[in-house]
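First comes the structure, then the notes that go with it.
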């Protein structure tokens, strides 16, 4: 039989005779920090590749005539917060759970939507501009939406919005994209190669982030069934309503897909940061897993959409622009403006060319769905 311990261990925090208190391991915190730095760096590299698809004239056209951005604004800060509020009431969740659902609904779009937009042959210029604009507008719209929708359960003053995180997100999007645009302008052939590699890496990165998040926070998976249900259906509702509203106002199919992605994809990491800053450990136990659940199921919706769309293209044995007559090619060169002219919008008063000039309503167009 071994003799009893007479002295404390060298790494004991508190020592009183033979009573020792060993400090808890901070391995998960260190691992989380390292992974955050690595994934942020990789994401910046992917956004650099996505910038190789952006055309400066078309990007400026969206800014001068921001009809698509305005629709995205209505979806992002109108539809999503209200949907979160309605789901919280419908499922009669706990007050702290209702708050985290609404926080998720009030967050701006994430950069993952830009990667998925590429694989769905969406409007990359619109996608980048919508992500950047939603991050900027979130500085004012998030406090306003939280004040409106969380007042039933708590005071808006208790929720701390990390403006520095929003700023970092904005910088991590704009600078790499600007560098990608510069590379496309100077060396278009190299930009195409970077784009091919970056699009694949970006798609894999989204999956890696979801898997890593599930492993790091596996202790938070035991939550109320109502949060599982809301986290499952909420992304589907966001994508569906965004697509429906865009099509209702006459946007072409490829822009409908873009607006749907920008609506449904939320910045789950920002939501997690807000929750950790604003609530006690006891409250976090019943609410912290929701951002992770939402991010996983928004990824599921995206993967299903990409699989269905790419399968449709292969089935038709045609390229992206042939499979979708309204989709602009990212590698078409001089043929791109001609294909853009074939892109029809049902409400012609909102269509503009790549220079931002509004086309006269009533001109004949070749409408193909």
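Quick reminder: no glycine exception, Cβ is built from N, Cα and C everywhere.
These features come from TrEMBL:
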{"type": "TRANSMEM", "residues": "30-54", "note": "transmembrane segment"}
{"type": "TRANSMEM", "residues": "66-91", "note": "transmembrane segment"}
{"type": "TRANSMEM", "residues": "97-120", "note": "transmembrane segment"}
{"type": "TRANSMEM", "residues": "132-153", "note": "transmembrane segment"}
{"type": "TRANSMEM", "residues": "165-183", "note": "transmembrane segment"}
{"type": "TRANSMEM", "residues": "195-217", "note": "transmembrane segment"}
{"type": "TRANSMEM", "residues": "223-246", "note": "transmembrane segment"}
{"type": "TRANSMEM", "residues": "286-309", "note": "transmembrane segment"}
- Note on the structure: Near the transmembrane segment (66-91) in space but 6 or more residues beyond its ends, with Cβ under 8 Å, are 97-98, 101-102, 104-106, 108-109, 123, 126, 129-130, 133-134, 137-138, 141, 145, 148-149, 226, 229-230, 233-234, 237-238, 241-242, 245-246, 249, 251, 255, 258-259, 262-263, 266, 350
- Ranked first among 165-183, 223-246, 286-309 for CB pairs under 8 angstroms with the transmembrane segment (132-153): 165-183
- So which residues does the transmembrane segment (286-309) touch in its own chain, when a touch means Cβ under 8 Å and the partner is 6 or more beyond its ends? 94, 96-97, 99-101, 104, 112, 116, 119-121, 203, 206-207, 209-210, 213-214, 217, 220-221, 223-224, 227-228, 230-232, 234-236, 238-239, 257, 261, 264-266, 268-269, 271-272, 275-276, 279
